[in-house]
Amino acid sequence: MQTYLSTKSIEYYLKELKEIFSQIWLKPSEIEKRCEELFKRSKEFDYKRILVSGETDNTTLYVIEDSSKIHVFSPNRDLRENPLLMRWHPSWYEIESKEIYYKCFLSCEELYEHLELPTVTLVNLCVIENFPIPRLNLSTGTLSSYLRKEQLAKVELIDMQVGTTINQIIKNLLDSQPDIIGLSVNFGQKKLAFEILDLIYSHIENGDLSSIITVGNVIPSFSPEQFFERYPSLLICDKEGEYTLRDLIKMLKKELKLDEVNGISYVDESGEVKHNVAETVNFKEEVPTPSLDILGEISKFRGALTLETSRGCDYSRCTFCPRDHKLRSWRPLSVEQTLKQLDDILRAGKHFNIKPHIYMADEEFIGELPNGTEAQRIIDICEGLLKREEKIKFDFAARADSVYEPKRTKEWNVERLKMWHYCALAGADRIFIGVESGSNQQLKRYGKGTTSEQNIIALRLVSALGINLRIGFIMFDQLMKGLDNLKENLDFLERTDALMKPIDIGDMTYEELYDKLLNDKEFIEKHKTGKPVYTIVSYMLASMEILMNTPYSRMVQLTERKEEVNLIMNDGKPDMNMGRYATSFVDKTNGNLSEACQMWIDSNFGVMYTIKSLHKVANPREKKKLYSYMETHREISHFLLKYLVYNLSPDKESQIILSDFLRMHSMEHILDNSKINVGDGSKENILNVMTNWQLIMEKLLRDVEADLNKGIITDSEDHRLHNTLKRWFSDMGNWSLINAYELN
């Protein structure tokens, strides 16, 4: 092994490559092109090809003259840590005692073979009509970055969020002929996946394509059999995909057999479905910054930045949450890795003029660590963010008992308040808390381990620190009887003592603030915003989705046996497009209300999702305007249900509240019109009420349309808000479900 470049030349190339590699948003093909331009100006190389592998800080350039001479440059990482070189020859650097950033290898036929990397194309599916505004995709982005970091494959990403069509996907696959094709199939994407897979397999049968095909994410892992019936040679990733793709590459190289591939399901030669054991991915050590190839295109559609800083959920007892396809243990990135990945994404976002606001995709951002050190971990991350010159914003999700847990000591809760204050100082903009219900009966059925009053206090503590809130709320569940749970939920959502104005705590200790927010009614009254809780509900009027493999699905089955009723429809077979069961309600009237409210949600979903997505990337003035639309929509939705419940169970207080709301919208005649009445709670009567209530929603959206036309708010480059508004107005009075149950 010898060096054929002068020290001066090596330093020059490392400096130039460092500058190119610092542009971490470039696709590998774009990096290779820039490297080729660099070396074309040089007379020191007569190379056959250039290969770029690695990601962010371990990107490596291989300049291949022929099998007898290969130059390797790694300006940011010591080559002694290079995974490809270590696979080739683990002791290649034994005689070297110093860090190595350049090496010329001679007579290296075996290394030459290692540089013949397999090709992998990963496709992120998306139904744009339902989710018009994109975000940095993590499912394929993280898998890609892992393969690149380990220098296992050349990876190309395709993302349907940015308008890529099925025909374009197929053309790309036929042109590039990848060794492995992977599809990420989320809720509601089964039909789209089948459409693409049908075309892929038709080309395989015709001899136009010879790739290994694998699919992953929620829907295939819930029920692989439905995919195998249609595509017997398909390989399904059951859980995390990093090690599965690693092993598929090894299988491609004949280093592993199919039954040795991590976490894969497949049909063996006898026709039996096999499930290989899945090893847990070392998330803390092995998963780098997601690939940022698509970020430039995402920015054109005013998309948002996302990041996952942990995986899993230690609680894992919510009855509606399936855990089989996820792992129960909570595994966070280290503080250093979290800050590094945040910096990578923010730097790339800045290049594309995406505002420095990151939406954390963690199931539970706070989590639990041995010896209760999770709060200190968050404080350390926040201290790191506070050292940044450029301030950022970030959103994340947490459990209510990560904020306030009455079963814990006062010291524990005060320490949590300190942690949340650090989050506020570091840029926490909005926290999603899975409140889910204001009814203690429902909370028990949901397995939340919290109470309605505990949830109120949690919201109070966080909002007092100036952090905005968003909550999950499951209004309806199939086992609720009568209207009591609904009334409790409506009362909870109308409470105005949960959301606080930001409080200056400069003159207070954390303990003093904690005591006041729990026990001082006068202090609470003075500092509350007066806004009701329904203004922060993420999706109003939502119903329980009974997903496969959940405790709640087993609760329904137990109720069927105990009460001798049939609740799960379709002969007990699930709707595989959404991985859920079509289930009747124990109480038929509640079932009618639930279905109608879901139609209300779906009728507004496209336009409200677009508004919410634009809100994420808007400037402060537009952000305020867009959020006002969201609040008004939530209020209209809340009072729709209140009116429906009032019709079924009238009371004087509700009549007064409804009268005030309707008068504000010049619709007070509804209360006195016997034709606009739920009557016996039939679906027809409920939809009749909703059609009239939709006139209130139309007024809101006409205001949105006017503001858009005046330039008060800004649309995406391809006018997605304009298009969703146009679609909404044309569909007025038509009630249907976006993802209706697939019944066989």
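From the backbone N, Cα and C atoms, a Cβ is placed for every residue, glycine too.
Some features that Swiss-Prot has for this protein:
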{"type": "BINDING", "residues": "Arg135, Ser139, Ser184, Gly241, Glu242, Glu308, Pro322, His325, Lys326, Ala361, Glu363", "note": "cob(II)alamin binding site"}
{"type": "BINDING", "residues": "Cys313, Cys318, Cys321", "note": "[4Fe-4S] cluster binding site"}
{"type": "BINDING", "residues": "Glu436, Glu545", "note": "S-adenosyl-L-methionine binding site"}
{"type": "DOMAIN", "residues": "119-259", "note": "domain 'B12-binding'"}
{"type": "DOMAIN", "residues": "299-545", "note": "domain 'Radical SAM core'"}
* Asked: Considering only the binding-site residues Ser184, Glu363, Glu436, which fall within 10 Å of Cys313 ([4Fe-4S] cluster binding site) when distances are taken between Cα atoms?
  -> Glu363
* Asked: Taking the Cα atoms as reference points, how far is Cys318 ([4Fe-4S] cluster binding site) from Glu363 (cob(II)alamin binding site) in Å?
  -> 12
* Which numbers of helix, strand and coil residues does DSSP report for the domain 'B12-binding' (119-259)? -> 66 helix, 26 strand, 49 coil
* DSSP three-state assignment for Glu436 (S-adenosyl-L-methionine binding site) -> strand
* To do: Fill in the CA-CA distance, Glu242 (cob(II)alamin binding site) to Cys321 ([4Fe-4S] cluster binding site), as an integer in Å.
  => 23
* Asked: Over the domain 'B12-binding' (119-259), what does the predicted model average in pLDDT?
  -> 96
* Near Ser184 (cob(II)alamin binding site), which residues of its chain come within a Cβ-Cβ distance under 8 Å, counting only those 6 or more away in sequence? -> Leu122, Val123, Asn124, Leu125, Asn137, Ser139, Thr140, Val215, Gly216, Asn217
* Using C-alpha atoms only, work out the spacing between Arg135 (cob(II)alamin binding site) and Glu545 (S-adenosyl-L-methionine binding site) and round it to an integer in Å. => 24
* Distance from Cys321 ([4Fe-4S] cluster binding site) back to Glu545 (S-adenosyl-L-methionine binding site), taken between C-alpha atoms, in Å -> 9
* Let me know how many other Cβ atoms fall within 10 Å of the Cβ of Glu363 (cob(II)alamin binding site). => 21
* To do: Starting from the Cβ of Cys321 ([4Fe-4S] cluster binding site), draw a 10 Å sphere and report how many other Cβ atoms land inside it.
  => 19
